[in-house]
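Residues or ranges marked as compositional bias 'Low complexity' by TrEMBL: 1-24. The domain 'Reticulon' annotation in TrEMBL covers 68-256. Annotated region 'Disordered' per TrEMBL: 1-30, in sequence order. Annotated transmembrane segment per TrEMBL: 82-111, 196-218, in sequence order.
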Amino acid sequence: MAESSAATQSPSVSSSSSGAEPSALGGGGGSPGACPALGAKSCGSSCADSFVSSSSSQPVSIVSTSQVHDLIFWRDVKKTGFVFGTTLIMLLSLAAFSVISVVSYLILALLSVTISFRVYKSVIQAVQKSEEGHPFKAYLDVDITLSSEAFHNYMNAAMVHVNKALKLIIRLFLVEDLVDSLKLAVFMWLMTYVGAVFNGITLLILAELLVFSVPIVYEKYKTQIDHYVGIARDQTKSIVEKIQAKLPGIAKKKAE
């Protein structure tokens, strides 16, 4: 019975394959990735499903390096101004109020906007007797789930930096290199004076001002800044070499 069923099915298979060959030759010019045996609608849906399944397995970068570069160099003045103004207002609010108060006021402001807009759209729909549905339906249907593969990729990337930081901390605190440990001690000693004048929020505000101002200034006066930085670097290097020569028991590592 298996042979008879195969014999009965063979004409249809041969006819479908023979009908598929002309469409493959004449339809798309032999372009790769075409679906000759399927119709236009089914081909588009199957190709779209294969693209989605292949692209969903790859992690999507939330913020790229080029976007950060364009942001701090004021390539788009409106976008950079919005980010700079928003973060600066938030930091100033944290300097004046507690974290709980700032977060609560932000959530209340956001809820006031969304609830007011939801009620407004509901009233408009009731008056006009329209059925537009929920005004935020497009955003509610957005899939924001993070796949396990993407989560593991982000965690692996973060663990690389964590391991480097742990190795650096161990090397500095266990005095693998005396000069580097002394540099850390001098820096921490200077930071005690900074901490006596500024608190953490003030330092964050200053850091934001520097991040959004120093790169654009350096880009404009790069030649002059590089000249003076090179002079300071040479002087610092000579001072460090003198200290290394005078301190006993320090073997300077030779570059391989």
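Using the three backbone atoms N, Cα and C, a Cβ is placed for every residue, glycine included.
Quantities reported herein were computed from a predicted structural model and do not represent experimental measurements.
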Tertiary contacts of the transmembrane segment (82-111), as residues 6+ beyond its ends and Cβ separation under 8 Å: 71, 201-202, 204-205, 208, 212
Local confidence of the domain 'Reticulon' (68-256) - pLDDT mean: 88
